[in-house]
């Protein structure tokens, strides 16, 4: 399927997925993702070519179903209709298969979906590491050349291709068993000293039909979407990329010399992806051209072809590194996020895109200088601070806002508890009506996550599966539940002997009223959670004996903040030649820096308090907190990545007309939320927007 009508001379199969049906599917999933995510931001959409064949390469594949954000944002920003490569096993599922077929997805058969246990046990020959010896095995009937034999999970489920089946108890593998870090022959032999190993068999999959469909789509100037890591996962780093995406690009151009395929790397950054009402950033990187010399090498076949595929795969991987945040482990990721929060000036409200970019640059700097004594010492202090904050039941963004106990603190606590009660009352009807959906989604998603974790060799906690099943259950159960409510309402109306007019209107009122009530409950409940999460610092301030601990914690945070800033100012210029010009990130054009702060990220100004410019009047709750109680706002910047950050603007946006009335009061802060990254970048590239760009690429 092409994104735009092909020229008359174009050849290739015509697809029956019309513009209208594709747009309808995108609209439906825009609503679904809009409900699931609290905020979705797009960066770099100007990098999407307006025409010609494109392969969108997405990573990391952290969410089985919601990674469709790639297609949604590409369609919204450029009108390109993306055909995704979807696992054939997923296409066979009723729900996923239905939607995948509507957008003309291309099925991909995977050997991992057809794994079966082998008969008997195996061990390696003592002399030949490529000779597998079986005990009670049936190699002649269960294996053929090009199939794969897989070791158990205790050995990381390593697989090797079968080169020759000698007998029922002997077969040769093409290469020694190994991982990305090297061969594991010794570990395998050690594991089989007492008894043999269980094993599994993977079939050989011929992908010719899949490649033919991809080549046809690209020949028509279409767009293909692929996640080259293969299966979804919840790791902090990228998995090794599969060679298929490289073969698609090189093969399409080798088959048609006039074709110019471009590869667009797409980074998906989720903030607590498995949680309802989380946030996401979709970043499109600069399009890659396929080098002509690699296409020529590909045409030659044999070793030259393999080398071309490998080299272009490396280029794709390097491109993905520019749009993804890759941490070697969870602890490092937590360290980087803590350092970013300490480095951020409170008066500067970072957009989600800026948060992602700053995380990426801090991680790059940490990986480059992590062996420096200064960096090691600061790491220990930051981790210590994290533990103290957690032990006090606070979040980092709440530490600067912790005030001395007094009547204003008590009054503010009382006010917010009352406010929480009001939001809870507004949210209660929708919560009760949708209770069955919440319960079912929670139970089933957790069970599916356990099953996926048991069957996977790359997942850590299978959090990538949770959001998928929450969405599937919610979308499937909600219509049935609302229809049931309509039937119950109609029966009650008949039993109450109301006039016929109301009997007919009742089901319509219920079918439209319950979803509206549910959405209102979502917004009011969300605001209530923001208030609830703002209470711990107030409670901590009122507890006798806690004030000294709070003061020490605030002083520690200020000290660490300055140390982080000094460290970055010291090492930054060595890593980024433009460091002094851009100060890590370009400030938001719409958010002026706090007074007295010479650079965006410099934090030498004492307490780093938020001034009137940086704060803004974004909602009535801020006005009440500031003017009546003289206390800093309950919430952090709306664009913060913290799950406990406030977002009263969502509630205001739900009340018709109120957001437009408050727009003049909100000033520059509100305008920054709706600015276009693409327009700002184009402005900068044209030489007129040097000071107004949102981020540096």
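Cβ from N, Cα, C; glycine included.
TrEMBL: automatically predicted annotations, no manual curation.
The transmembrane segment annotation in TrEMBL falls on one of the ranges 381-408, 465-492, 549-576, 577-604, namely 465-492.
Listed ranges 420-444, 620-644, 645-669; the one TrEMBL annotates as transmembrane segment is 420-444.
In terms of DSSP helix, strand and coil, the domain 'Phospholipid/glycerol acyltransferase' (208-268) has 24 helix, 11 strand, 26 coil.
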